[in-house]
Amino acid sequence: MKNRTLGSVFIVAGTTIGAGMLAMPLAAAGVGFSVTLILLIGLWALMCYTALLLLEVYQHVPADTGLGTLAKRYLGRYGQWLTGFSMMFLMYALTAAYISGAGELLASSISDWTGISMSATAGVLLFTFVAGGVVCVGTSLVDLFNRFLFSAKIIFLVVMLVLLLPHIHKVNLLTLPLQQGLALSAIPVIFTSFGFHGSVPSIVSYMDGNIRKLRWVFIIGSAIPLVAYIFWQVATLGSIDSTTFMGLLANHAGLNGLLQALREMVASPHVELAVHLFADLALATSFLGVALGLFDYLADLFQRSNTVGGRLQTGAITFLPPLAFALFYPRGFVMALGYAGVALAVLALIIPSLLTWQSRKHNPQAGYRVKGGRPALVVVFLCGIAVIGVQFLIAAGLLPEVG
């Protein structure tokens, strides 16, 4: 069980530390480090709390119960439908975000390293064909690729932070370049970067429903990304003053804008290479994990056979919709992450608060109960509504877009 506990911590941390981390400096550039730090700690606490709420609900059902079945038990058919729709939307939005971001970076990498000019569209198509092919072959190949890529990603993250440390200036971290509305606009992107709740049912099953150990799995597993994110913000926001950063992002939108900002301010080929490689690996590992989950979910939903023809059909319905998004909205990486925040707000905030409310009515003498009582459940529910509201205000143009 010790190995399973450690493995589960890494699953939570590995699911969380991914491409969302790359979008954070884009969201934080106009907000400032101190406000970003408050948002990071606040949203981490919120997401960790709701994972513990799900754990409280799971103590009353078999450990291998799916989230949809749990929703049907406590919230009825409509609750099950809302949960299923949110899961589908979340995984499609994330897959689209990762295809968009990875395709852009792949095209840039190939152009830099080979001298052959490649458009972002060609990069998106190439990445989808290769990485999507790996997913279509099956879990064993994904696992093989993911072990190598994740190990390399952690190495490059450490290298990247070490190389950026000498370029950090305290004054950049102390300035407060708060533009009106940007703090609110940054919430969906940072919130999505703490999303691991889709894997909660799998981890509960893997740990055989051991509540005591699962509490530490979710607390430590989500705290590791928090620490990594804080160091990443110190490294990026500390290296580049906000005025320069915002100016560069105006000329070079998206992830390439971040890389361009680091390239111009730090002026070190080693830093640029480390950041670029980490970005590529973060997007690849995030894509493989989410796309595999989406592929298996759709194969089960549409009852596709496990033959070559069946897997190709599942591959088509898995990758064609997000590919179309990536092609028609080539700068949609941050936007797609924000929309994923809508579905994640339902799955990670609204659904857990409702499930816990109903579970406590059905099981008043629960052995494990998260502190906070009903007022905390109301706050969690309202936070879910607020995250969704912020995203729609951004879409309506009433709040500024980030990145």
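One is the number of the first residue shown, and numbering goes on along the chain from there.
Each Cβ is built from the backbone N, Cα and C atoms, and glycine gets one as well.
What Swiss-Prot lists as topological domain 'Cytoplasmic' is 1-8, 56-80, 143-147, 205-216, 296-307, 353-375, and the listing cites a curator's inference. Sequence annotations record features per position, and here Swiss-Prot assigns topological domain 'Periplasmic' to 30-34, 102-121, 169-183, 238-274, 397-403. The transmembrane segment annotation in Swiss-Prot covers 9-29, 35-55, 81-101, 122-142, 148-168, 184-204, 217-237, 275-295, 308-328, 332-352, 376-396 and rests on sequence analysis.
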Item to check | Three-state composition of the topological domain 'Cytoplasmic' (143-147), taking helix and strand from DSSP | outcome: 5 helix, 0 strand, 0 coil
Item to check | Non-local residues, at least 6 beyond the ends, that sit with Cβ under 8 Å of the topological domain 'Cytoplasmic' (296-307) | outcome: 87-88, 91, 139, 313-314, 317-318
Checklist entry - Roughly where does the topological domain 'Cytoplasmic' (205-216) sit in mean pLDDT, to the nearest integer? => result 88
Checklist entry - Which residues of the same chain, at least 6 past either end of the topological domain 'Cytoplasmic' (143-147), have a Cβ under 8 Å from a Cβ in it? => result 134, 284-285, 288-289
Item to check | Contact yes or no, the transmembrane segment (184-204) and the transmembrane segment (122-142), 3+ Cβ pairs under 8 Å, gap 6+ | outcome: no
Next on the checklist: Summarise the topological domain 'Periplasmic' (30-34) as counts of helix, strand and coil residues per DSSP.
Outcome noted: 2 helix, 0 strand, 3 coil
Checklist entry - Which stretch, 35-55, 81-101, 308-328, tops the Cβ pairs under 8 Å count with the transmembrane segment (122-142)? => result 308-328
Item to check | Within-chain partners of the transmembrane segment (148-168) [C-beta distance under 8 Å, separation at least 6 from its ends] | outcome: 14, 17, 228, 231-232, 234-236, 238-239, 262, 265-266, 268, 270-271, 274-275, 277-278, 281-282, 284-285, 288
Checklist entry - Is it true that the transmembrane segment (81-101) and the transmembrane segment (275-295) have 3 or more Cβ pairs under 8 Å, skipping pairs fewer than 6 apart in sequence? => result yes
Item to check | Positions whose Cβ lies under 8 angstroms from the topological domain 'Cytoplasmic' (205-216), at least six residues beyond its ends | outcome: 1, 4-5, 7-9, 52, 55, 58-59, 62-64, 367-368
